[in-house]
Amino acid sequence: MPIIAPSLLASDFLHLADECKMLNESEADWFHLDVMDGRFVPNISYGLPVIEQIRTATSKICDVHLMIEEPEKYAQDFKNAGADILTVHYEACRHLHRNIQQIKDLGMLAGVALNPHTPVQLLQDVMQDIDLILIMSVNPGFGGQKFIPHTLKKIKLLRERIDTLGLNTKIEVDGGVTLANAKSIIDAGAHVLVAGSTVFKSKDPKQTIHELKSI
Ligand code: DX5
Ligand code: ZN
């Protein structure tokens with residue numbers, strides 16, 4: 001069964017406690033938390049104080065997706081805020097290997113995210129060091145965008161490499177995931193589905209999570 005990671009970017013921030021409660025009662029596995037700095041991506045979302053509060057509202061895994069420049073400056077802060085998984089962007093890291101080690105030394109699981117234009121082959125020399133690879137299936141910065149179909153080829157290629165090397169690295173797919181395309185994403189080899197709008201803009205978010213989980 002896929003791991004389901006609803007993105008709280010699409011949640012109702014005025015009722016964040018209720019949204020957390022709903023996710024806690026649902027079959028969601030992880031809380032996906034999108035941090036944007038207005039530099040790496042053309043949008044600003046939320047940051048450390050919000051994540052600290054969400055941490056107190058759940059015992060589920062907090063999966064923090066950093067869409068920020070110089071993520072190494074804030075790794076300790078996100079650990080303190082309660083992140084279990086910290087994902088940095090390949091395109092934002094000049095010393096990716098060092099940044100991965102830093103995240104692991106802090107006691108978090110380390111993820112690396114790839115923008116739609118970044119080939120999966122570029123991770124060849126760090127694959128064995130990371131717990132998670134996040135494949136962006138939209139250009140990062142905004143929820144509610146359309147899934148880029150070419151992503152399926154990247155997922156397949158990456159899954160083949162992971163299996164050939166006998167690694168446990170998880171493939172997470174983020175952006176434009178819907179009930180209609182989730183099966184093709186899983187079939188391509190993804191382990192984790194992020195879903196923002198599909199979950200929070202649906203009539204019955206718990207039921208939608210159940211349907212994603214049952215794929
Ligand atoms: C986009 C974020 C996503 C976003 C997904 O930059 O990384 O996690 O919240 O939203 P949907 O599922 O609506 O495409
Ligand atoms: Zn994300």
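Placement of Cβ uses the backbone N, Cα and C atoms for every residue, glycine included.
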From D174, D187, D204, the one annotated by TrEMBL with H32, D34, H65 for divalent metal cation: D174
Neighbourhood of ligand 2 - binding-site residues from D34, H65, G141, G143, D174, S197 with Cβ under 6 Å: D34, H65, D174
Candidates G141, D174, G176, S197 (binding-site residues) - the one closest to H32 (divalent metal cation binding site) by CA: D174
DSSP-derived class (H/G/I helix, E/B strand, else coil) of D34 (divalent metal cation binding site): strand
Under 8 Å by Cβ from S197 (substrate binding site), counting only residues of that chain that are 6 or more apart: A10, G143, G144
